[in-house]
Amino acid sequence: MKLHQLLADIDIKTPMQSDIGDIPVHEVTDNSADVKEGYVFVAIGGYSSDGHDFIEASIQQGASLIIGEKDIDNLPVPYIQVPNSRKVLGMLARKLYSEPAKEKLIIGITGTNGKTTTSYMLKHLLESSGKSCSVIGTIENIINGEKIPSRNTTPSSLILHKLLAMSTDEVVIMEVSSHGLSQCRIEGVTFDYCLFTNLHQEHLDYHGSMENYFQAKKLLFEKLAPGGTAVVNTDNPWGEKLADHLQHEEKNVYRIGASVSSNLRIADINLQNSTATVEERGESSAVFTPMNGIHNMYNMIMAFGTAALIGVSKENLLPALFQFKGVEGRFEIYKLANGAAVIVDYAHTPDAVAHCLATAKQQGAGRIVHVFGFRGDRDPGKRQEIMSVTASMSNQYILTLDDLNSVSFSEMETTLTWLNNTYGNEKGRIIPDRTKAIQTAIEESQPEDWIIITGKGHEQYQQSYKLPARSDKEIVQYLSSPENV
Ligand SMILES: CC(=O)N[C@H]1[C@@H](OP(=O)(O)OP(=O)(O)OC[C@H]2O[C@@H](n3ccc(=O)[nH]c3=O)[C@H](O)[C@@H]2O)O[C@H](CO)[C@@H](O)[C@@H]1O[C@H](C)C(=O)N[C@@H](C)C(=O)N[C@H](CCC(=O)O)C(=O)O
Ligand SMILES: Nc1ncnc2c1ncn2[C@@H]1O[C@H](COP(=O)(O)OP(=O)(O)OP(=O)(O)O)[C@@H](O)[C@H]1O
């Protein structure tokens, strides 16, 4: 592709030299380490480093053109200054990969909790009706049935367009995080369906306020294709606000909720047998979820409603619901030999923890023992609320380590002690080694106990611990095997 084709429609701050339009461009990158002969290097001012500092290195490696935001003179290769390099990266990637989203049905799912679960539920329902689906999200990316590790919930725009170009699936279901939205990672993609699950306290270290966080989530809905539909859980107040706003903008909005004005009305939920009745234009349908909890029922109803909008008949959906296998690290249940249950769950927001503990109670937990920690460098504002939730809803809790990130062990230990003394109660204790904390909970368990381990879900441990396991699931399996009991 020639440079002038690549840059058409792109907002450029300074006039482009007239003689560079014919430069051929084969690849673009924002990482100097990836630059090869003839690449375009896009310099991005990041959170831990500044791509503009790597312009010289990228030229030495063969970059033939640099795009950036800063005033820069006298480079040995042409330089194009733009107002927003992150946005330009997405626009270039879209062109270089020949608009890979164009022929597919693209579905974006945003919200604080439930994106991953809803994605897998929707994938399952669509695949059961014969549609092939890619998934781009937190656990992994699944493209043409192949699993590809994911670093971010929403990848950089460059990776995103590469994944879209690789996919030969008919549908792409994508989790869209608020970080991804505010960092223009979905630039160049338009969506046929945008789903909003809910909004609760999270990421306030990054967004500053709930209103800003909401505004970031709202950006997804600006990417709805003409004729596309927003599917919104209006039982969440932020969802109601979003639906009203989108309707005011004359977008297609499909409301899901208990209100009689909902397009898909949730008439009844029975948590004992995990069923719900939903109604649309006077017609009732049954919904079932094999995953416990009202939160998972909402996720399933969102997936069900979306699959029906896409054209799968509601009658065909019901048998498929019974076949759903659940999602790794989301309310995964293990039974111990003594009858106690162990749950591994990815809850890491106050709302998610509350749902998880409440679900254990609804399912008949005699005593709840909650094992959890707090991630270093991540939204300290939510810790107090999580402590209060666990202090009131569990019978005992053990504070332990989660990923430390850049925080030292001793600093985290001090934080845990302070949190326990300030917001906990006499039900709590601290066992820093996560594997030992889980071992203690299991060894002390009684037959009616439910041990709820939250925070890591499907993820591998970042720290090394005493017992030989790399994840919550592995340690539970290790400790439940007869030779280690
Ligand atoms: C704080 C944050 O969000 N950072 C994201 C951001 O990184 P950044 O652009 O600031 O990168 P940076 O390291 O400062 O580098 C700046 C630029 O210099 C370039 N560089 C850097 C070094 C070098 O030698 N050469 C070079 O060219 C880099 O390639 C980059 O273009 O953009 C990157 C590409 O899109 C992301 O991978 C990265 O996510 C980091 C890893 C991260 O942990 N982000 C979390 C907070 C996040 O985004 N989470 C959400 C999910 C949240 C949820 O659970 O709900 C997600 O979508 O994953
Ligand atoms: N609809 C929901 N409402 C509240 N909590 C939920 C909901 N769905 C899931 N959860 C809780 O949140 C946890 C994470 O769920 P899931 O991975 O589906 O959400 P997510 O939005 O993808 O999260 P993340 O952005 O952190 O990856 C679950 O383990 C569960 O505890």
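All residue numbers here begin at 1 and follow the chain in the order shown.
Placement of Cβ uses the backbone N, Cα and C atoms for every residue, glycine included.
Taken straight from TrEMBL:
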type	residues	note
DOMAIN	25-95	domain 'Mur ligase N-terminal catalytic'
DOMAIN	109-306	domain 'Mur ligase central'
BINDING	Gly111, Thr112, Asn113, Gly114, Lys115, Thr116, Thr117	ATP binding site
MOD_RES	Lys217	N6-carboxylysine
DOMAIN	329-457	domain 'Mur ligase C-terminal'
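Overlay of TrEMBL annotations on the structure.
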residue	record	DSSP class
Gly111	ATP binding site	coil
Thr116	ATP binding site	helix
Lys217	N6-carboxylysine	helix
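For the ATP site, the Cβ centre of Gly111, Thr112, Asn113, Gly114, Lys115, Thr116, Thr117 serves as reference, and the other residues of the chain with Cβ at most 8 Å from it are Ile109, Thr118, Glu175, Thr197, Asn198, Asn299. When the recorded positions Asn113, Gly114, Lys115, Thr116, Thr117, Lys217 are checked against ligand 2, Asn113, Gly114, Lys115, Thr116, Thr117 have a Cβ within less than 6 Å of one of its atoms. Using a 10 Å Cα-Cα cut-off from the residue listed as 'N6-carboxylysine', the binding-site residues that qualify among Gly111, Gly114, Thr117 are Gly111. Using DSSP to sort the residues of the domain 'Mur ligase N-terminal catalytic' (25-95) gives these counts of helix, strand and coil: 24 helix, 14 strand, 33 coil. The residue listed as 'N6-carboxylysine' is surrounded by 25 other CB atoms, counting those within 10 A of its CB over all protein chains shown. In the predicted model, residues of the domain 'Mur ligase central' (109-306) average a pLDDT of 97. Other C-beta atoms found within 10 angstroms of the C-beta of Thr117 (ATP binding site) number 25, with every protein chain shown included. In terms of DSSP helix, strand and coil, the domain 'Mur ligase C-terminal' (329-457) has 52 helix, 28 strand, 49 coil.
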